[in-house]
Every structure is written in C-alpha cells, then in structure tokens.
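Okay, here's the structure, questions in a sec.
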Amino acid sequence: MAGGNGGIVITPAGVAKERAEEYQGKATVYVVVACFIAATGGALFGYDIGISGGVTSMDGFLKKFFKTVYIKKQHAHESNYCKYDNQGLAAFTSSLYLAGMVASVVASPVTRNYGRKASIICGGISFLVGASLNAGAVNLAMLIFGRIMLGVGIGFGDQVVPLYLSEMAPTHLRGGLNMTFQLATTLGIFTANMINYGTQKLEPWGWRLSLGLAAAPALLMIVGGIFIPETPNSLIERGNTDKGRKILEKIRGTENVSAEFQDMMDASELANAIKHPFRNILKRRNRPQLVMAILLPAFQILTGINSILFYAPVLFQSMGFGGNASLYASALTGAVLFSSTLVAIVTVDRLGRRTLLISGGILMITCQVIVAIILAVKFGNNQELTKGFSILVVTFICIFVFAFGVSWGGLGWTIPSEIFPLETRSAGQSITVAVNLLFTFIIAQSFLALLCAFKFGIFLFFASWITVMTIFVYAFLPETKGVPIEEMILLWRKHWFWKKIVAGPQEFHASNGKQTNETKLSATIP
C-alpha cells in the first residue's frame, strides 16, 4: 500500500485501495480495433514530419516560396553545413508546432467536457482544412496559414489520442496498445518519405501532391472518430455511469468488471469536485506527474530525432548525397523507425518502460558520438564523404533511429498519458503535448542554424542531452508496467524520492484526526 501511520494505511485521493489483482477481462477484438482506429491520429503527426523535410528539399517548392534558399543551394562554395540555413524555410516547418502547442491547451476542456471522441473529430477536421490550403497555396501567407491549421489538428490529436488509448486498453496490454499511436506516427513518416521519393520527380508541382495527400489520414481520423466508442472513464466522469459500465463490459469481454468500475467511480468522484484542473495540477500531491509531463516530452525532442526526421533529405544532401540518394536514405530511416516501433509494442509490457528507455538511451549516445567523430575527421567545407563513410554514417543514423523507436519514440507519449489521475488527466496530457510541440518548434526553428554553427558538434549536443535523460530515468522514473491507470497515483508514494514530495500535505494526522485541505484522503484499517 501507499504507506502507514500507527496501523492506519493511508492512500491518496481518488481510489481507495489497490484492486489490480481483482481486474478481469482480456484484449477483445472490439478494444483492439477501436485503439487502432484512434491511433490513426498519430499518422497526422508522422505524415507531416516525413513530408516537410522532403518538400523543403524540392527545387519546385524552393523556387516558388524560398528563392534565396534555392539560389544558395546551387553555390558549391558555400559551407556544406550552412547551405540551407534560412529562417523563413525553418518557419515553414516550425509554425505548425507553435500552433499545435496553443491548440493542445484549448483541446483540454473539450476533451474533458465533451469527451475524447469530440476532440478526435475536431483534430481531423482542422488537419483536413490545413492539407487543402497547403496543396493549393499560391503565396507564402496561404502556405503558413495552412500549416497553422495543420498544427491545430495535431494539437488536438496528440492531446487526446494517447489519453484515449491508455483509458481503453486493459492494464496488462496498455503499453503495447498505447504504442499504436507511435506505430501510426512512424507509418505516416515512412509513407510520406515514399510519397516524396515519387513526387520529387514531378517537378515543378510534385510538392503540391505531397502536401495535399495529408488529407488521407485526416479523413481516416474523422471517420474513425465517428464510429469508435467513447472511453468508459470519460462517460463516467460526465455522469453517464450506466453507459460507462456497459462500454467497460464490452471492451473487457466480461460482466465481471466491478473492481475496475469501482476504481473509475472513485476517480470520477474526485474529478468532478475539481473545477480547475490546471490549477489543481500545480499542487504538491501532483508534483511527480507534473515533472514527468514537462521533462519526458522535452527529453523526447532533445534526443535530436525530429531534426533528423524533419531534415533528413537536407542533412544527407549536406553530406554530399545526390537528391535521389538523400530521399532514399531518409525513406530508409522511416522504415527503420516503423520496424523499431513494432519491436517496442511486443516488448514494452514484458521488459518494462525503464529497461527500454535506459538501454535505448545508451545505444543512441553511442551512435551520435560515432557519427560526430566520422564527420569531424572526414567531412568539411567543399568536401563530400566517400561512399564507404557515407554508408557508415547512414548505418549509425539508422541504428540511432531504431534505438529511439524502441525507447523514447513511443514511451515519450505512453508514460505521460498513463500516470495522471482522472481529475487532471486531460490537463496533464495538454501540458505534455504543449511541451512536446514547444520543444519541437524550438528545435525545428533553430536546427539549420545550429547545424551551421556547431557543424559535426550538433550530434554531440544531442548526445549530451540523451546522457542527462538516461540518468534521470534511472533515478526518478518508477516502473509503470502492470499498474492500473486509476491506481497509478499510489506508485509515487512507494518511490524513494517522490514519496518525500507527495507524502507531506497528504498525511492523515492521527494526532488530531483532521484531514488536510489539500486532498480528500481515505484511511482503512488492515
């Protein structure tokens, strides 16, 4: 249990006791299909990541919107690391993520008050509008506005889909089913890379097809959002307890769901008493979850993965690869990321979250350092890598991408979506998405300049951050494998560090028999 005081066992607000062993049910076809349909929201994010880098290396696109970059690209005497350094080009990529950051905060009350389905549909509609604007863009203003609408769609999708998956999945398969979001993301990246490989031959209008096909995952998200069931947690929180129980029985494949249903009822009782989730999340008892919601998505971006995925064609062209070869190399990284996510889905609920994060971090550090050394020794201004070293660089980048996909790729979304109590879950996921997109915006906007300034040191820059985050996981992140989502709050009171934080204002003072104003506590006699 969470802790004790003179024979009294104290538990935090929400659930009254641990009932994990009483949970019944299995992974029904119904819940698996619902999770896979919802996870298509990840394809929005992935498609945009994959398509942006390819489009920004196409001559037809650059001639129309970024002539300065196109002219600069032709100058052989320019620094290999600096030929694409243009803040306007970076703004095309990064504006989407700034819009998504704002939209994720707006999505929180929609998700809580109107349900998970409503946010999924809103995200799909916004992304569809953005795809249409980008495909038909005739000037830079129209192009950027389309990117902003895409950002709104991604903000809603990233806020609600991981949360939906965590609530729908049975405890013993939550990690794997939640990672279908990352699987859809990687599939979107790979698909976009393949499309870019074909459309770059359709000059000067191929970029329009690449951007316009973003409408496909948007339509999937809209149609899927209409037909998938609402989560029982959301139904119960909004007062539809009977319908919530029926959905729970259906997705678990059994009528014996009393233990899990009671956990949801307990969590809902407190959730409905909280009128200001964002204010409540700042309280001491929610400090561990808040720290994770800020640091985990920030760390995910500081691995450097988005820089490689955004600018893979640009990066490989900077290293001397031809246009077709660079797109082919970036398609290869997309395929590796997709396959690594399949490995993660199979292993996450067996090996646990911490094992994957720590081992993946060590492997990523190794790859970043090796690539930096190769570029430092064999690559400089007016030089191209030899074929042998080019293959070596791509190999280690692919190993890095594989390590990311197995570890931080999916778990950077999975862990924050599963650790919050119901009363702050939607707000917590909004913070996670906002931080993720803020750092995505910062890195996307600054990467080309950083590449120009740091040169090969850009890989050492990201390797240093991966070192920090691997140490953080080892010291401060408890294992969440197998812990029911509504009982996750009990986990922090057992952790060597976080129990010192959360126990203070939550203790039941036996000396005077009073409860604190911070939270409603339950006490049971063992």
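Backbone N, Cα and C atoms are what each Cβ position is placed from, and that goes for glycine too.
Since the structure is predicted, the reported quantities are computational estimates derived from the model, not experimental observations.
For 34-481, the entry in TrEMBL reads domain 'Major facilitator superfamily (MFS) profile'. The feature transmembrane segment is assigned by TrEMBL to 27-47, 88-106, 118-138, 144-165, 177-195, 207-228, 290-313, 325-348, 355-377, 389-411, 431-450, 456-477.
What's the neighbourhood like for each of these?
Averaged over the domain 'Major facilitator superfamily (MFS) profile' (34-481), the predicted model has a pLDDT of 85.
Packing against the transmembrane segment (144-165) from elsewhere in the chain are residues 35, 38-39, 41-42, 44-45, 48, 91-92, 95-104, 106-108, 110-111, 116, 119-120, 122-134, 137, 174, 177-178, 180-181, 211, 214, 218, 221, 231, 413-414, 416-417, 425-426, 429-430, 433, 436-437: each is 6 or more residues past its ends and has a CB under 8 Å from a CB in it.
Outside the transmembrane segment (456-477), and at least 6 residues removed from its termini, the chain residues within Cβ reach (under 8 Å) are 291-292, 295, 299, 302-304, 307, 353-354, 357-358, 361-362, 364-365, 368-369, 371-373, 375-376, 379, 408, 415, 447, 450, 495, 497-498.
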As a test: from 27-47, 118-138, 207-228, 389-411, pick the stretch that has the greatest number of Cβ pairs under 8 Å with the transmembrane segment (177-195).
27-47
